[in-house]
Amino acid sequence: MPPVELQAANMSLGAMHCTRCAEGFEPNEKIVNSNGELWHTQCFVCAQCFRAFQDGIFYEFEGRKYCERDFHVLFAPCCNKCGEFVIGRVIKAMSASWHPQCFRCQMCAKELADCGFIRNQNRALCHECNAKVKAEITGRYVCQKCHGLIDDEPLRFRGEVYHGYHFNCTACGVELDSTAREVKSRPGLAANDMNELYCLRCHDKMGIPICGACRRPIEELFTALNKAWCVHHFACSVCDTKMTQKSKFYEYDEKPVCKKCYERFPSELRKRLRTAHELTMKKNV
């Protein structure tokens with residue numbers, strides 16, 4: 001409540017009386033006027049400790065007036081986190097009371113007062129963190145748009161995973177699934193066509209080369225064995241050692257084999273592979 005007003009009694013107040021003790025007022029006596037109620041200064045005190053209100057400020061509950069300290073002790077809940085009294089908005093959750101700014105996700109510390117929470121093993125978690133916990137337990141992915149679990153193969157876009165149905169093909173507008181292709185950069189495409197999603201059909205019409213290893217669009221082209229490869233996917237088919245165009249390799253079953261693995265092959269097989277390699281080198285000269 002706001003500070004009360006002190007005023008001097010005059011003869012017109014002779015018929016009036018104190019709200020607490022019901023006694024009248026002396027002429028020129030200092031009295032308290034609080035919301036139209038009149039009090040002797042000695043009667044206008046806290047209903048609990050009977051002390052005067054500091055700076056005239058008090059709290060009223062069920063018709064009784066209390067000083068700030070006693071009102072907090074009697075009626076204000078204590079925050080479960082900081083231990084201070086909660087004045088104003090109180091968050092009731094997890095069988096406790098909280099300041100809005102104190103009620104946070106126990107994993108990421110995000111405020112939960114206005115976004116809701118999920119109780120997980122007696123912890124208050126935001127929806128995103130709860131989904132991550134579930135994903136870790138079940139081994140499934142978490143969609144980075146709706147934060148729900150992904151039951152099937154995820155759509156991968158800009159380094160994250162999603163439900164395919166959150167996106168549409170940039171070209172034809174059809175709803176996408178996990179087979180959608182991300183186009184990151186390609187000569188001839190306008191800036192707004194870079195790093196976009198296309199359905200498999202529209203993507204195939206664009207003529208973008210597909211990696212011989214991962215079968216996805218190639219960002220940085222590498223050609224070997226009459227195929228196109230992602231630079232980081234061109235590796236020995238036996239030991240998986242990464243190779244470059246300068247690496248010496250042999251073709252085996254239309255796949256690259258590094259020199260070290262090649263030398264472990266039977267001599268007859270090495271001879272045939274070496275002959276095939278030499279013929280290929282002559283054709284490329």
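Keep in mind that glycine also has a Cβ here, set from the backbone N, Cα and C atoms.
Per TrEMBL, the features are as follows:
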type: DOMAIN; residues: 16-77; note: domain 'LIM zinc-binding'
type: DOMAIN; residues: 79-136; note: domain 'LIM zinc-binding'
type: DOMAIN; residues: 209-268; note: domain 'LIM zinc-binding'
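Per-residue pLDDT, averaged across the domain 'LIM zinc-binding' (16-77), gives 85.
For the domain 'LIM zinc-binding' (16-77), the DSSP-based tally of helix, strand and coil residues reads 10 helix, 19 strand, 33 coil. When the domain 'LIM zinc-binding' (79-136) is classified with DSSP, helix, strand and coil residues number 10 helix, 15 strand, 33 coil.
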